[in-house]
């Protein structure tokens, strides 16, 4: 039971982190310069952006949860099971970020689901 809860925490926090960081960076705007002064200004915007900071915290939760679960569960199960994060991420891209998702990407996501189901079989 604890393994399933940890998998859910890893998946949800990883997907939330990616969505939040993306939303934060889209809010800052496209980075088109390599001028050191302008990059410093952009860095200040990034580290003070609420979505970006929450995204980093979410990814840290995912990372440390991943470390914890590897202390008792088989990596050959954990890594494929947590790949369901790709499904949650594409849903976040569609419904939170309002991205258009192609049929090819939906098909790839379906294949990930099938692969996860196969790995989780006894």
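Along the chain as shown, the residues are counted starting at 1.
Just so it is clear, glycine is given a Cβ too, placed from its N, Cα and C backbone atoms.
Within the listed segments 14-34, 77-97, TrEMBL records transmembrane segment for the stretch 77-97. The list of residues near the transmembrane segment (103-121) in space but at least 6 beyond its ends in sequence, with Cβ under 8 angstroms from a Cβ of it, reads 77, 80-81, 83-84, 86-87, 90. Residue counts for the domain 'EamA' (52-119) under DSSP, helix first, then strand, then coil, are 55 helix, 0 strand, 13 coil.
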